[in-house]
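Here's the structure we're looking at; comments come further down.
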Amino acid sequence: MTELPDNTRWQLWIVAFGFFMQSLDTTIVNTALPSMAKSLGESPLHMHMVVVSYVLTVAVMLPASGWLADKIGVRNIFFAAIVLFTLGSLFCALSGTLNQLVLARVLQGVGGAMMVPVGRLTVMKIVPRTQYMAAMTFVTLPGQIGPLLGPALGGVLVEYASWHWIFLINIPVGIVGAMATFMLMPNYTIETRRFDLPGFLLLAIGMAVLTLALDGSKSMGISPWTLAGLAAGGAAAILLYLFHAKKNSGALFSLRLFRTPTFSLGLLGSFAGRIGSGMLPFMTPVFLQIGLGFSPFHAGLMMIPMVLGSMGMKRIVVQIVNRFGYRRVLVATTLGLALVSLLFMSVALLGWYYLLPLVLLLQGMVNSARFSSMNTLTLKDLPDTLASSGNSLLSMIMQLSMSIGVTIAGMLLGMFGQQHIGIDSSATHHVFMYTWLCMAVIIALPAIIFARVPNDTQQNMVISRRKRSL
(Lines of atoms letter the chains of each structure in order from A and count residues from 1; the text may use other names and numbers.)
(Lines give C-alpha, C1' and ligand atoms only; values in the text may rest on other atoms or scores of the structure.)
Protein backbone atom coordinates (compact mmCIF):
# COMPACT_ATOMS: atom_id res chain seq x y z
CA MET A 1 0.00 0.00 0.00
CA THR A 2 2.92 2.37 0.61
CA GLU A 3 3.98 2.28 -3.07
CA LEU A 4 0.60 3.22 -4.51
CA PRO A 5 0.28 6.67 -6.15
CA ASP A 6 -1.86 9.32 -4.47
CA ASN A 7 -4.71 9.12 -6.99
CA THR A 8 -5.02 5.36 -6.42
CA ARG A 9 -5.13 5.93 -2.67
CA TRP A 10 -8.00 8.38 -3.12
CA GLN A 11 -9.83 5.88 -5.30
CA LEU A 12 -9.49 3.25 -2.56
CA TRP A 13 -10.89 5.71 -0.04
CA ILE A 14 -13.92 6.26 -2.29
CA VAL A 15 -14.57 2.52 -2.49
CA ALA A 16 -14.10 2.21 1.28
CA PHE A 17 -16.70 4.91 1.94
CA GLY A 18 -19.11 3.12 -0.39
CA PHE A 19 -18.62 -0.09 1.59
CA PHE A 20 -19.17 1.84 4.82
CA MET A 21 -22.42 3.44 3.64
CA GLN A 22 -23.85 0.13 2.48
CA SER A 23 -22.87 -1.85 5.58
CA LEU A 24 -24.01 0.88 7.97
CA ASP A 25 -27.45 0.95 6.41
CA THR A 26 -27.96 -2.80 6.83
CA THR A 27 -27.88 -2.50 10.64
CA ILE A 28 -28.83 1.08 11.49
CA VAL A 29 -32.48 0.59 10.44
CA ASN A 30 -33.25 -2.37 12.72
CA THR A 31 -32.98 -0.34 15.92
CA ALA A 32 -35.35 2.32 14.57
CA LEU A 33 -38.21 0.04 13.45
CA PRO A 34 -40.43 0.43 16.56
CA SER A 35 -40.08 4.23 16.40
CA MET A 36 -40.84 4.19 12.68
CA ALA A 37 -43.98 2.15 13.33
CA LYS A 38 -45.21 4.66 15.91
CA SER A 39 -44.44 7.65 13.69
CA LEU A 40 -46.12 6.15 10.61
CA GLY A 41 -49.13 4.88 12.53
CA GLU A 42 -48.36 1.25 11.66
CA SER A 43 -48.28 -1.94 13.68
CA PRO A 44 -44.73 -3.06 14.54
CA LEU A 45 -45.72 -6.39 12.99
CA HIS A 46 -45.62 -4.82 9.52
CA MET A 47 -42.25 -3.07 9.79
CA HIS A 48 -40.20 -6.04 8.62
CA MET A 49 -41.08 -4.95 5.06
CA VAL A 50 -38.69 -2.01 5.53
CA VAL A 51 -35.85 -4.54 5.84
CA VAL A 52 -37.18 -7.09 3.32
CA SER A 53 -37.67 -4.53 0.54
CA TYR A 54 -34.02 -3.44 0.76
CA VAL A 55 -32.41 -6.87 1.10
CA LEU A 56 -34.59 -8.47 -1.59
CA THR A 57 -33.78 -5.66 -4.03
CA VAL A 58 -30.07 -6.19 -3.39
CA ALA A 59 -30.51 -9.91 -4.10
CA VAL A 60 -32.38 -9.24 -7.35
CA MET A 61 -29.93 -6.63 -8.67
CA LEU A 62 -26.63 -8.29 -7.71
CA PRO A 63 -26.33 -10.49 -10.85
CA ALA A 64 -26.52 -7.45 -13.14
CA SER A 65 -24.04 -5.22 -11.29
CA GLY A 66 -20.81 -6.77 -12.56
CA TRP A 67 -21.97 -6.86 -16.18
CA LEU A 68 -23.12 -3.23 -16.02
CA ALA A 69 -19.74 -2.14 -14.62
CA ASP A 70 -17.85 -3.93 -17.39
CA LYS A 71 -20.17 -2.59 -20.10
CA ILE A 72 -20.74 1.01 -18.98
CA GLY A 73 -17.63 1.53 -16.85
CA VAL A 74 -16.80 1.19 -13.18
CA ARG A 75 -16.81 4.96 -12.55
CA ASN A 76 -20.19 5.50 -14.20
CA ILE A 77 -21.84 2.61 -12.37
CA PHE A 78 -20.24 3.41 -9.00
CA PHE A 79 -21.30 7.04 -9.42
CA ALA A 80 -24.85 5.95 -10.30
CA ALA A 81 -24.89 3.56 -7.32
CA ILE A 82 -23.99 6.33 -4.87
CA VAL A 83 -26.51 8.73 -6.42
CA LEU A 84 -29.33 6.15 -6.29
CA PHE A 85 -28.43 5.19 -2.72
CA THR A 86 -28.38 8.85 -1.66
CA LEU A 87 -31.67 9.67 -3.41
CA GLY A 88 -33.22 6.58 -1.83
CA SER A 89 -32.05 7.80 1.57
CA LEU A 90 -33.63 11.21 0.96
CA PHE A 91 -36.94 9.67 -0.10
CA CYS A 92 -36.86 7.38 2.96
CA ALA A 93 -36.52 10.40 5.23
CA LEU A 94 -39.40 12.17 3.45
CA SER A 95 -41.73 9.15 3.57
CA GLY A 96 -45.05 9.68 5.31
CA THR A 97 -46.45 6.16 4.96
CA LEU A 98 -45.08 2.64 5.15
CA ASN A 99 -45.69 2.07 1.43
CA GLN A 100 -43.68 5.17 0.54
CA LEU A 101 -40.87 4.04 2.82
CA VAL A 102 -40.81 0.56 1.26
CA LEU A 103 -40.61 2.03 -2.27
CA ALA A 104 -37.79 4.34 -1.19
CA ARG A 105 -35.93 1.38 0.30
CA VAL A 106 -36.23 -0.41 -3.04
CA LEU A 107 -34.47 2.53 -4.72
CA GLN A 108 -31.85 2.48 -1.98
CA GLY A 109 -31.38 -1.26 -2.54
CA VAL A 110 -30.67 -0.76 -6.26
CA GLY A 111 -27.79 1.52 -5.34
CA GLY A 112 -26.58 -0.74 -2.54
CA ALA A 113 -26.58 -3.79 -4.82
CA MET A 114 -24.16 -2.13 -7.22
CA MET A 115 -21.93 -0.43 -4.67
CA VAL A 116 -20.06 -3.38 -3.10
CA PRO A 117 -19.45 -5.71 -6.11
CA VAL A 118 -18.50 -2.78 -8.35
CA GLY A 119 -16.21 -1.53 -5.60
CA ARG A 120 -14.44 -4.91 -5.51
CA LEU A 121 -14.11 -4.83 -9.29
CA THR A 122 -12.66 -1.32 -9.12
CA VAL A 123 -9.96 -2.40 -6.66
CA MET A 124 -9.06 -5.31 -8.93
CA LYS A 125 -8.56 -2.92 -11.85
CA ILE A 126 -6.61 -0.11 -10.13
CA VAL A 127 -4.30 -2.10 -7.82
CA PRO A 128 -1.45 -4.46 -8.84
CA ARG A 129 -2.20 -8.09 -8.04
CA THR A 130 0.73 -8.18 -5.59
CA GLN A 131 -1.05 -5.58 -3.44
CA TYR A 132 -4.63 -6.71 -4.03
CA MET A 133 -4.99 -8.43 -0.66
CA ALA A 134 -3.72 -5.39 1.25
CA ALA A 135 -6.00 -3.09 -0.74
CA MET A 136 -9.08 -5.26 -0.14
CA THR A 137 -8.28 -5.42 3.57
CA PHE A 138 -8.14 -1.62 3.61
CA VAL A 139 -11.43 -1.01 1.76
CA THR A 140 -13.40 -3.71 3.60
CA LEU A 141 -12.42 -2.49 7.09
CA PRO A 142 -15.04 0.31 7.03
CA GLY A 143 -17.54 -2.35 5.97
CA GLN A 144 -16.78 -4.18 9.21
CA ILE A 145 -17.04 -0.98 11.27
CA GLY A 146 -20.45 -0.12 9.78
CA PRO A 147 -22.35 -2.99 11.46
CA LEU A 148 -20.61 -2.13 14.75
CA LEU A 149 -21.65 1.53 14.67
CA GLY A 150 -25.05 1.03 13.04
CA PRO A 151 -27.19 -0.18 15.98
CA ALA A 152 -25.76 2.30 18.49
CA LEU A 153 -25.84 5.22 16.06
CA GLY A 154 -29.39 4.34 15.06
CA GLY A 155 -30.40 4.25 18.71
CA VAL A 156 -28.81 7.65 19.42
CA LEU A 157 -30.45 9.30 16.40
CA VAL A 158 -33.88 7.86 17.18
CA GLU A 159 -33.74 8.72 20.87
CA TYR A 160 -32.30 12.23 20.62
CA ALA A 161 -33.52 13.35 17.17
CA SER A 162 -35.90 11.22 15.04
CA TRP A 163 -35.77 8.12 12.85
CA HIS A 164 -35.55 10.31 9.75
CA TRP A 165 -31.92 11.11 10.60
CA ILE A 166 -30.77 7.52 10.09
CA PHE A 167 -31.34 8.22 6.39
CA LEU A 168 -30.46 11.92 6.30
CA ILE A 169 -26.90 11.24 7.48
CA ASN A 170 -26.29 9.41 4.19
CA ILE A 171 -26.95 12.52 2.10
CA PRO A 172 -23.80 14.64 2.79
CA VAL A 173 -21.62 11.52 2.66
CA GLY A 174 -23.27 10.49 -0.61
CA ILE A 175 -22.81 13.92 -2.20
CA VAL A 176 -19.10 13.99 -1.33
CA GLY A 177 -18.67 10.39 -2.49
CA ALA A 178 -20.43 11.02 -5.81
CA MET A 179 -18.33 14.13 -6.52
CA ALA A 180 -15.10 12.33 -5.62
CA THR A 181 -16.06 9.35 -7.79
CA PHE A 182 -16.78 11.55 -10.80
CA MET A 183 -13.54 13.50 -10.46
CA LEU A 184 -11.02 10.87 -9.34
CA MET A 185 -12.10 7.40 -10.44
CA PRO A 186 -11.09 6.06 -13.88
CA ASN A 187 -13.86 4.63 -16.05
CA TYR A 188 -12.57 1.16 -16.95
CA THR A 189 -14.61 -0.85 -19.44
CA ILE A 190 -13.98 -4.26 -21.03
CA GLU A 191 -15.53 -6.30 -23.81
CA THR A 192 -18.57 -8.11 -22.44
CA ARG A 193 -20.69 -10.98 -23.61
CA ARG A 194 -24.40 -10.55 -24.19
CA PHE A 195 -26.30 -10.10 -20.93
CA ASP A 196 -28.71 -12.92 -20.12
CA LEU A 197 -31.76 -10.68 -19.80
CA PRO A 198 -34.36 -13.52 -19.99
CA GLY A 199 -32.55 -15.43 -17.24
CA PHE A 200 -32.21 -12.31 -15.10
CA LEU A 201 -35.92 -11.50 -15.43
CA LEU A 202 -36.97 -15.07 -14.62
CA LEU A 203 -34.84 -15.13 -11.45
CA ALA A 204 -35.96 -11.63 -10.40
CA ILE A 205 -39.64 -12.46 -10.87
CA GLY A 206 -39.26 -15.80 -9.10
CA MET A 207 -37.52 -14.34 -6.04
CA ALA A 208 -39.81 -11.33 -5.70
CA VAL A 209 -43.08 -13.22 -6.23
CA LEU A 210 -42.19 -16.08 -3.87
CA THR A 211 -41.24 -13.63 -1.11
CA LEU A 212 -44.48 -11.71 -1.65
CA ALA A 213 -46.48 -14.94 -1.52
CA LEU A 214 -44.80 -15.86 1.76
CA ASP A 215 -45.80 -12.61 3.42
CA GLY A 216 -48.81 -11.32 1.52
CA SER A 217 -51.61 -12.60 3.73
CA LYS A 218 -50.35 -10.81 6.85
CA SER A 219 -48.91 -7.58 5.47
CA MET A 220 -51.14 -6.91 2.47
CA GLY A 221 -54.35 -8.80 3.08
CA ILE A 222 -54.03 -10.87 -0.11
CA SER A 223 -56.54 -13.71 -0.40
CA PRO A 224 -55.35 -17.33 -0.05
CA TRP A 225 -56.21 -18.13 -3.68
CA THR A 226 -54.18 -15.17 -4.91
CA LEU A 227 -51.28 -16.22 -2.69
CA ALA A 228 -51.43 -19.74 -4.11
CA GLY A 229 -51.33 -18.27 -7.61
CA LEU A 230 -48.35 -16.09 -6.71
CA ALA A 231 -46.49 -19.04 -5.21
CA ALA A 232 -47.17 -21.15 -8.30
CA GLY A 233 -46.06 -18.30 -10.56
CA GLY A 234 -42.84 -17.76 -8.63
CA ALA A 235 -42.01 -21.46 -8.64
CA ALA A 236 -42.76 -21.61 -12.38
CA ALA A 237 -40.36 -18.72 -13.02
CA ILE A 238 -37.55 -20.53 -11.18
CA LEU A 239 -38.24 -23.78 -13.07
CA LEU A 240 -38.26 -21.89 -16.37
CA TYR A 241 -34.87 -20.42 -15.49
CA LEU A 242 -33.47 -23.91 -14.89
CA PHE A 243 -34.77 -24.99 -18.30
CA HIS A 244 -33.34 -21.81 -19.84
CA ALA A 245 -29.92 -22.33 -18.21
CA LYS A 246 -29.80 -25.93 -19.39
CA LYS A 247 -30.32 -24.86 -23.01
CA ASN A 248 -28.27 -21.64 -22.97
CA SER A 249 -24.48 -21.68 -22.63
CA GLY A 250 -24.47 -17.97 -21.81
CA ALA A 251 -26.93 -18.24 -18.92
CA LEU A 252 -26.59 -15.93 -15.95
CA PHE A 253 -25.56 -18.86 -13.72
CA SER A 254 -24.40 -22.05 -15.41
CA LEU A 255 -25.83 -25.32 -14.15
CA ARG A 256 -22.28 -26.70 -14.37
CA LEU A 257 -21.78 -25.13 -10.95
CA PHE A 258 -23.88 -27.88 -9.42
CA ARG A 259 -21.61 -30.63 -10.72
CA THR A 260 -19.34 -29.75 -7.78
CA PRO A 261 -20.85 -31.60 -4.78
CA THR A 262 -19.48 -29.27 -2.12
CA PHE A 263 -20.90 -26.26 -3.98
CA SER A 264 -24.36 -27.81 -4.13
CA LEU A 265 -24.32 -28.79 -0.45
CA GLY A 266 -22.79 -25.50 0.63
CA LEU A 267 -25.26 -23.41 -1.37
CA LEU A 268 -28.25 -25.35 -0.05
CA GLY A 269 -26.90 -25.15 3.50
CA SER A 270 -26.15 -21.43 3.13
CA PHE A 271 -29.67 -20.76 1.88
CA ALA A 272 -31.33 -22.70 4.70
CA GLY A 273 -28.85 -21.49 7.33
CA ARG A 274 -29.17 -17.81 6.58
CA ILE A 275 -32.96 -17.95 6.70
CA GLY A 276 -32.67 -18.73 10.41
CA SER A 277 -29.74 -16.50 11.28
CA GLY A 278 -31.17 -13.65 9.18
CA MET A 279 -34.03 -13.38 11.67
CA LEU A 280 -31.78 -12.53 14.61
CA PRO A 281 -30.50 -9.01 13.69
CA PHE A 282 -34.09 -8.00 12.93
CA MET A 283 -35.83 -9.65 15.89
CA THR A 284 -33.32 -8.85 18.64
CA PRO A 285 -33.64 -5.02 18.74
CA VAL A 286 -37.41 -5.29 18.19
CA PHE A 287 -37.73 -7.64 21.17
CA LEU A 288 -35.46 -5.52 23.36
CA GLN A 289 -37.62 -2.44 22.75
CA ILE A 290 -41.14 -3.84 22.47
CA GLY A 291 -40.73 -6.92 24.64
CA LEU A 292 -38.47 -5.56 27.38
CA GLY A 293 -39.08 -1.82 27.16
CA PHE A 294 -35.48 -0.84 26.38
CA SER A 295 -34.86 2.59 24.88
CA PRO A 296 -33.64 2.69 21.24
CA PHE A 297 -30.18 3.76 22.42
CA HIS A 298 -29.96 0.98 25.01
CA ALA A 299 -31.16 -1.59 22.46
CA GLY A 300 -28.55 -0.37 19.97
CA LEU A 301 -25.76 -0.69 22.52
CA MET A 302 -26.86 -4.24 23.31
CA MET A 303 -26.21 -5.23 19.67
CA ILE A 304 -22.54 -4.22 19.80
CA PRO A 305 -21.30 -7.39 21.61
CA MET A 306 -22.82 -9.51 18.85
CA VAL A 307 -20.85 -7.62 16.18
CA LEU A 308 -17.65 -7.72 18.29
CA GLY A 309 -18.02 -11.48 18.71
CA SER A 310 -18.48 -11.87 14.97
CA MET A 311 -15.39 -9.80 14.14
CA GLY A 312 -13.23 -11.52 16.76
CA MET A 313 -14.16 -15.02 15.63
CA LYS A 314 -12.99 -14.36 12.07
CA ARG A 315 -9.39 -14.42 13.33
CA ILE A 316 -9.51 -18.03 14.50
CA VAL A 317 -12.23 -19.72 12.44
CA VAL A 318 -9.73 -21.02 9.86
CA GLN A 319 -7.74 -22.85 12.54
CA ILE A 320 -10.96 -24.30 14.00
CA VAL A 321 -12.06 -25.69 10.63
CA ASN A 322 -8.57 -27.06 9.97
CA ARG A 323 -8.65 -28.83 13.33
CA PHE A 324 -12.17 -30.27 13.34
CA GLY A 325 -13.29 -30.29 9.70
CA TYR A 326 -16.22 -28.73 7.92
CA ARG A 327 -18.91 -31.20 8.92
CA ARG A 328 -18.23 -31.06 12.65
CA VAL A 329 -17.89 -27.27 12.69
CA LEU A 330 -21.02 -26.63 10.64
CA VAL A 331 -23.22 -29.08 12.54
CA ALA A 332 -21.92 -27.86 15.92
CA THR A 333 -22.29 -24.15 15.11
CA THR A 334 -25.76 -24.65 13.62
CA LEU A 335 -27.06 -26.47 16.69
CA GLY A 336 -25.08 -24.12 18.93
CA LEU A 337 -26.69 -21.05 17.37
CA ALA A 338 -30.15 -22.51 17.99
CA LEU A 339 -29.27 -23.16 21.64
CA VAL A 340 -27.74 -19.70 22.12
CA SER A 341 -30.86 -18.07 20.67
CA LEU A 342 -32.98 -19.97 23.22
CA LEU A 343 -30.52 -18.97 25.96
CA PHE A 344 -30.95 -15.32 24.97
CA MET A 345 -34.74 -15.54 25.27
CA SER A 346 -34.52 -17.42 28.59
CA VAL A 347 -32.08 -14.94 30.15
CA ALA A 348 -34.18 -12.00 28.92
CA LEU A 349 -37.49 -13.31 30.23
CA LEU A 350 -35.91 -14.22 33.59
CA GLY A 351 -34.79 -10.61 33.95
CA TRP A 352 -31.07 -11.38 34.04
CA TYR A 353 -30.26 -8.43 31.80
CA TYR A 354 -26.64 -8.22 32.95
CA LEU A 355 -26.00 -11.53 31.14
CA LEU A 356 -27.47 -10.39 27.81
CA PRO A 357 -24.23 -8.82 26.46
CA LEU A 358 -22.35 -12.07 27.17
CA VAL A 359 -25.02 -14.17 25.44
CA LEU A 360 -25.06 -11.83 22.42
CA LEU A 361 -21.24 -11.96 22.25
CA LEU A 362 -21.45 -15.76 22.16
CA GLN A 363 -24.18 -15.59 19.52
CA GLY A 364 -22.00 -13.40 17.31
CA MET A 365 -19.04 -15.77 17.66
CA VAL A 366 -21.03 -18.89 16.78
CA ASN A 367 -22.79 -17.19 13.88
CA SER A 368 -19.52 -15.87 12.46
CA ALA A 369 -17.85 -19.29 12.60
CA ARG A 370 -20.78 -20.80 10.72
CA PHE A 371 -20.88 -18.04 8.09
CA SER A 372 -17.18 -18.28 7.31
CA SER A 373 -17.30 -22.08 7.13
CA MET A 374 -20.36 -22.05 4.86
CA ASN A 375 -18.79 -19.55 2.46
CA THR A 376 -15.51 -21.44 2.24
CA LEU A 377 -17.17 -24.82 1.81
CA THR A 378 -19.36 -23.52 -1.01
CA LEU A 379 -16.55 -22.05 -3.12
CA LYS A 380 -13.44 -24.04 -2.26
CA ASP A 381 -13.71 -26.79 -4.90
CA LEU A 382 -15.02 -24.77 -7.84
CA PRO A 383 -12.75 -24.61 -10.91
CA ASP A 384 -11.31 -21.17 -11.66
CA THR A 385 -13.53 -20.82 -14.74
CA LEU A 386 -16.65 -21.01 -12.54
CA ALA A 387 -15.38 -19.29 -9.38
CA SER A 388 -16.68 -15.82 -10.29
CA SER A 389 -20.12 -17.11 -11.28
CA GLY A 390 -20.32 -19.26 -8.15
CA ASN A 391 -19.39 -16.33 -5.92
CA SER A 392 -22.07 -14.15 -7.54
CA LEU A 393 -24.71 -16.85 -7.07
CA LEU A 394 -23.70 -17.30 -3.43
CA SER A 395 -23.95 -13.54 -2.83
CA MET A 396 -27.43 -13.49 -4.35
CA ILE A 397 -28.57 -16.49 -2.30
CA MET A 398 -27.22 -14.89 0.89
CA GLN A 399 -29.33 -11.77 0.38
CA LEU A 400 -32.40 -13.73 -0.72
CA SER A 401 -32.31 -16.04 2.29
CA MET A 402 -31.91 -13.08 4.66
CA SER A 403 -35.00 -11.42 3.16
CA ILE A 404 -36.95 -14.67 3.52
CA GLY A 405 -35.76 -15.00 7.12
CA VAL A 406 -36.98 -11.51 8.05
CA THR A 407 -40.26 -12.20 6.23
CA ILE A 408 -40.81 -15.42 8.20
CA ALA A 409 -39.95 -13.66 11.46
CA GLY A 410 -42.54 -10.99 10.73
CA MET A 411 -45.06 -13.66 9.77
CA LEU A 412 -44.47 -15.52 13.05
CA LEU A 413 -44.90 -12.33 15.07
CA GLY A 414 -48.14 -11.62 13.26
CA MET A 415 -49.41 -15.16 13.73
CA PHE A 416 -48.74 -15.27 17.48
CA GLY A 417 -49.39 -11.59 18.16
CA GLN A 418 -52.68 -11.25 16.27
CA GLN A 419 -51.97 -7.51 15.98
CA HIS A 420 -51.98 -7.07 19.80
CA ILE A 421 -48.52 -6.25 21.11
CA GLY A 422 -47.88 -3.85 23.97
CA ILE A 423 -44.66 -2.63 25.53
CA ASP A 424 -43.23 -5.01 28.15
CA SER A 425 -46.46 -6.90 28.87
CA SER A 426 -46.95 -10.54 29.81
CA ALA A 427 -48.88 -11.25 26.60
CA THR A 428 -46.08 -9.69 24.55
CA HIS A 429 -43.51 -11.89 26.31
CA HIS A 430 -45.51 -14.97 25.32
CA VAL A 431 -45.66 -13.78 21.69
CA PHE A 432 -41.89 -13.38 21.51
CA MET A 433 -41.28 -16.64 23.39
CA TYR A 434 -43.33 -18.65 20.88
CA THR A 435 -41.68 -16.79 18.00
CA TRP A 436 -38.20 -17.54 19.37
CA LEU A 437 -39.01 -21.23 19.81
CA CYS A 438 -40.01 -21.45 16.15
CA MET A 439 -36.90 -19.51 15.15
CA ALA A 440 -34.69 -21.95 17.09
CA VAL A 441 -36.19 -24.88 15.19
CA ILE A 442 -35.65 -23.11 11.85
CA ILE A 443 -32.05 -22.28 12.82
CA ALA A 444 -31.33 -25.91 13.80
CA LEU A 445 -32.82 -27.62 10.71
CA PRO A 446 -29.84 -26.98 8.35
CA ALA A 447 -27.76 -29.30 10.56
CA ILE A 448 -29.44 -32.12 8.60
CA ILE A 449 -27.87 -30.75 5.40
CA PHE A 450 -24.45 -30.12 6.96
CA ALA A 451 -24.34 -33.67 8.33
CA ARG A 452 -23.82 -34.80 4.72
CA VAL A 453 -20.76 -32.58 4.19
CA PRO A 454 -17.39 -34.39 3.86
CA ASN A 455 -15.36 -33.81 7.02
CA ASP A 456 -12.38 -32.33 5.18
CA THR A 457 -9.54 -31.29 7.51
CA GLN A 458 -6.78 -30.61 4.97
CA GLN A 459 -4.89 -27.54 6.10
CA ASN A 460 -4.48 -25.80 2.77
CA MET A 461 -8.14 -26.01 1.75
CA VAL A 462 -9.49 -23.26 4.00
CA ILE A 463 -6.47 -20.99 4.00
CA SER A 464 -5.86 -20.94 0.25
CA ARG A 465 -9.50 -20.28 -0.60
CA ARG A 466 -9.67 -17.59 2.08
CA LYS A 467 -6.75 -15.78 0.47
CA ARG A 468 -8.23 -16.13 -2.99
CA SER A 469 -11.51 -14.57 -1.88
CA LEU A 470 -9.72 -11.46 -0.69
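Quick reminder: no glycine exception, Cβ is built from N, Cα and C everywhere.
As given in Swiss-Prot:
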TOPO_DOM  1-11  topological domain 'Periplasmic'
TOPO_DOM  33-48  topological domain 'Cytoplasmic'
TRANSMEM  49-69  transmembrane segment
TOPO_DOM  70-76  topological domain 'Periplasmic'
TRANSMEM  77-97  transmembrane segment
TOPO_DOM  98-101  topological domain 'Cytoplasmic'
TRANSMEM  102-124  transmembrane segment
TOPO_DOM  125-137  topological domain 'Periplasmic'
TRANSMEM  138-158  transmembrane segment
TOPO_DOM  159-164  topological domain 'Cytoplasmic'
TRANSMEM  165-185  transmembrane segment
TOPO_DOM  186-196  topological domain 'Periplasmic'
TRANSMEM  197-217  transmembrane segment
TOPO_DOM  218-224  topological domain 'Cytoplasmic'
TRANSMEM  225-245  transmembrane segment
TOPO_DOM  246-262  topological domain 'Periplasmic'
TRANSMEM  263-283  transmembrane segment
TRANSMEM  286-306  transmembrane segment
TOPO_DOM  307-341  topological domain 'Periplasmic'
TRANSMEM  342-362  transmembrane segment
TOPO_DOM  363-395  topological domain 'Cytoplasmic'
TRANSMEM  396-416  transmembrane segment
TOPO_DOM  417-430  topological domain 'Periplasmic'
TRANSMEM  431-451  transmembrane segment
TOPO_DOM  452-470  topological domain 'Cytoplasmic'
Folded-back contacts onto the transmembrane segment (77-97), same chain, C-beta under 8 angstroms, at least six residues removed: 14-15, 18, 21-22, 25, 40, 65, 68-69, 103-115, 118-119, 122, 164-165, 167-168, 170-171, 174-175, 177-178, 181-182, 185
Positions on the same chain near the transmembrane segment (263-283), where near means CB under 8 A and six or more residues out: 27, 30, 33, 48, 51, 257, 303, 306, 330, 334, 337-338, 341, 363, 367, 370-371, 374-375, 377-379, 381-382, 390, 393-394, 397-398, 400-406, 408-409, 435-436, 439, 442-446, 449-450, 452-453
DSSP helix/strand/coil residue counts for the topological domain 'Periplasmic' (246-262): 9 helix, 0 strand, 8 coil
Stretch with greatest number of CB pairs under 8 Å, the transmembrane segment (225-245) reference, 49-69, 197-217, 286-306, 396-416, 431-451 candidates: 197-217
Residues from the same chain, set at least six apart from the ends of the transmembrane segment (138-158), whose C-beta lies under 8 A from its own: 1, 12, 15-17, 19-32, 35, 116, 119, 123, 165-166, 169, 285, 295-304, 307-308, 310-311
Summary of DSSP states over the topological domain 'Periplasmic' (70-76), given as helix, strand and coil counts: 6 helix, 0 strand, 1 coil
Cβ contacts under 8 Å made by the transmembrane segment (286-306) with residues that lie 6+ beyond its boundaries: 27, 30-35, 44, 47, 148, 151-156, 158-160, 348, 353, 356-358, 360-361, 363-364, 367, 421, 423-424, 428-429, 432, 436
Spatial neighbours of the topological domain 'Cytoplasmic' (33-48) far in sequence, C-beta under 8 Å, 6+ residues away: 95-98, 101, 158, 162-163, 215, 218-219, 282, 285-286, 289-290, 296, 406-407, 409-410, 413-414, 417, 419, 421
Beyond the flanks of the topological domain 'Periplasmic' (186-196) by at least 6 residues, Cβ under 8 Å: 11, 64, 67, 70-76, 122, 125-126, 248, 250-252
